[in-house]
Amino acid sequence: TESTSPDSNAFVFCVSVVEGLALLDLGVSPYSGAIFHETPLIIYLFHFLIEYAEFVFMITDVLTAVALYLAIQDFNKVVFKKQKFLIELDKYAPDVAELIQTPMEMHYIPLKVALFYLLNPYTVMSCVAKSTCAINNTVIAFFILATIKGSAFLSAVFLALATYQSLYPLTLFAPALLYLLQREFIPIKLKSKSFWLYTMQYTALYLCSLVVIICLSFFLLNSWDFIPSVYGFILSVPDLTPNIGLFWYFFAEMFEHFSLFFICVFQINVFFYTIPLAIKLKEHPVFFMFVQIAVISIFKSYPTVGDIALYMAFLPVWSHLYRFLRNIFILSCVLVVCSLLFPVLWHLWIYAGSANSNFYYAITLAFNIGQILLISDYFYAFLRREYYLTHGLHLTRQDGTEAMLVLK
Amino acid sequence: QGRDLIPVLSTGEAAPRFLCSKSNSFSIFQDQAEQFFRSGHTNNWAVLVCTSRFWFNYRHVANTLSVYRSVKRLGIPDSHIVLMLADDMACNPRNPKPATVFSHKNMELNVYGDDVEVDYRSYEVTVENFLRVLTGRIPPSTPRSKRLLSDDRSNILIYMTGHGGNGFLKFQDSEEITNVELADAFEQMWQKRRYNELLFIIDTCQGASMYERFYSPNIMALASSQVGEDSLSHQPDLAIGVHLMDRYTFYVLEFLEEIHPASQTNMNDLFQVCPKSLCVSTPGHRTDLFQRDPQNVLITDFFGSVRKVEITTETVSLDSDLAGFESNLPKDELATEPLKYAEQLPVAQIIHQKPKQKDWHPPGGFILGLWALIIMVFFKTYGIKHMKHIF
C-alpha cells in the first residue's frame, strides 16, 4: 500500500505529477486542480523522464548517498584539523585523551553515512513510493557538500534551489553561513566589518539565485500560479490528509476562527529554533545543520519518511557521542515500534474500520516525540562532550564530590 | 323466485328482492336502497402507526398490532393496510418469547401472528414519511405496499399510538408531529379527494389535543385521554418484563373482539368503551365535523372492509353483435434494416491504443534560460580553463 499509505504523502509523485502533466496536455494549468503542488522545475524534469520514474528516483538516492559520502569525508578532515589545532593550543583539559577522535575510527564514517542513507528502510519506502522528497534530499545533500567544500556560490545556489522546492531549508541559511565564516576564518563578532561583508555577499548570492529561479519558473508556464499553489500550500496547510506530521489532526478539528492563529504558531515552530541554536552552536555549524534538518523534518507541514532518512543518515558522524547518550535504547525502541505500528493502525482505521484517527495520531505523536527526544539527546551528548573536552572528564563540585552535567 | 335467495351481505339480513316491483314493495325497495347507500364508501383503508422505539415501549407496538389484527380479521386486506412500526419487538434480543407480541398477560393472545406485513419499519417511521403516506406525495420508486392509494370513496382508519403531549406526538425520540400539521395533512387529503370519511384514533397522553385542530369535513376522532391527563398502561407481564398494552387500546381490543363482519354495532358503543373507572383517563371523541349521526355509523364502516354485494337471480344476456368494431391495429412493420447495439465502449480503439502524444512542451525560452544558468554555474565553479578539457 505504498502509494496509498500516508507516510509519503502530499508530495507523493504517482498521483500528483502524473495528474499535473495530464492537465498540461489538456491545455490547463496544472495548479488549477488541488492535487498538484510541485514546482515548475519538477514539471520540466518529469516531462521528459516520466516513463523512467523508477530509475530517476534510484539515481537521486544514489546521488544523495554519494554527495553525503564526499561531504562527510571532507568534514572529517576539517574536524581532525581543528582538533589538532586545539590540542596544540592546549585548549583541552589533560585527562580527555579518550574523548579525542582518532583517524582510525573516523575512517569508515563516510561509508557508514552513505550506507545509513541507502539502506535505511525509510529511504527504500520513499523510493518505492516515488515521493519527490527524494529530490529534495538530493538538493539538500548537494547543498551540504557545497558548503563543506567551501564554495559559497554553489552553496547559495543549492540552498536557493532547496528553498524553492520546499520552503523550510531557508533555516539552513544560518548554519551554512556560520560554516563558511568559520572556514574563511572570519570571527563572528557583530562589530567586525569582514563579517558583515561576507554575510552580505552570501545573502545577496542566495537571494539573487532564488529570484532567478523563481522568475525562470514563471517562464515555464507564463503565470505566477505556482506561488500560491506551492508556497501557499506549504504555509497554509489546506490538505489535511493524515500523514506522519503533527498538523493534520489539529486542523481537522479546529474551528476556522482560530485556524489562522494556530497555523502561525505551528509554522513558527520550525523557524523558531534557528536563532537560539545559532547562538549556542556557533562553533559547531555542521551539528547545527544536522539539528536544523531534524527540526525541519519533524515540524514541517507535510513530513515524509524521506525527510527522516536524511537526518538519520548523519547519525554515524556523531557516533563518538554514544557514551553520553542517555535514552538511546528507549528511543530506538519507540521509533522502531511506531514505524511498525503506522501501517497497522492505518489499516485498522481505514480498511478494517475498527480504529479511528485517534489511534493513528497517537502513534504519530509518539513517533514525533521519539524523534524530538532523539535530537535533544544528541544535543545534550554533544554539548556534554564539548564541556568535558574543555573542563576535563572528572568534574568536581566546590565541595569535592563528583558533579553531573545537566542540560538546562 | 323468492325460494332460495342468498342473504345480501351489505345489510346482513336476508331480504327478499323482487325486480318487478309493485307499489307496496316500492317502499321496501326504497328502504333497502337507502340502506344500501347508507354509507358512501366503497373501499376501506387503515393507517396504523406506532411511533416509539426501544424495548420498554413494547406496549405501543402491541397496541398497534392489536388494531392491525382486528382490522385484518374484519376484512381489510394487507394491501389496504399501511402498518408503521418504529421498532421490532418480536425479534428484539430482550424478548424472552421471540417472534411473539402479546397483548394479554399470561400470553393469551399473540397479536404478532404468522402473517404480519409491516410496511414502514424501524427508522422509516418518520413524520415526513407519515405525512407523505397521508397526502400521497411519495417518490415514484415507492412500492405499492407503502402507499395509501385511497380515493374519494375510501373510508380510512388512522390509528396512532406512542408518547405525546399537549399538541404533539413524539416520533422515535427525535422529532414530533403537531396537531396543526396533522390537521393540515387531513385538509390536503380532503382537497385531493383522498378520503370519504376518516376515523382518527389516538392512544397517547393528552391525546385529545391532537384532534382539536381538525377542520376538514367527515372526520371523526377518538382519543384515550383529555388534555392534561396521562394515558396509562394496562398490566405488566412479569415473564416478559414490560407493560403489554395501554388501557384504552386494551378495552378497545376487547370490544373489537366481539365485532364480526356482519355486526351492526355503531360508533356510540365505541365511544362508551373504557369509562374512567377502567381507564383512569377520560377518553374523548369529536364528531362535529362528521356529517352522519354516529348512531348510524357502523363499526365495520371503518374497521372492516365490507363489500357491498348484490345477489340477483336474473340472467343478463350480453350482446354478441360486435359489428362496427374493427381493430385498427397497425400491420406488423417489417424490419427495414437489421438492428444492432450501439457502440458504447470502443474496445477496438482501446486495445490498439497508440502511446499518447504529449501535447505540452516547455517553452523554448525556459529551456534556454535554464541550461544557460546551469552552464554559468558550472563554469563559475570550475573555471573557464576546464572548457579546454571538454572540447
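Positions of Cβ are set from backbone N, Cα and C atoms, glycine also.
All annotation found in TrEMBL is predicted automatically rather than curated by experts.
In TrEMBL this protein carries:
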type	residues	note
ACT_SITE	B:H163	active site
ACT_SITE	B:C205	active site, nucleophile
TRANSMEM	B:360-379	transmembrane segment
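A simple way to gauge crowding: the CB of B:C205 (active site, nucleophile) has 22 other CB atoms within 10 angstroms, across all the protein chains here. A distance of 6 Å separates the Cα atom of the residue listed as 'active site, nucleophile' from that of B:H163 (active site). The 10 Å shell around the Cβ of B:H163 (active site) contains 17 further Cβ atoms across the protein chains shown. Mapped onto three states, the DSSP output places the residue listed as 'active site' in strand. According to its DSSP assignment, the residue listed as 'active site, nucleophile' is coil.
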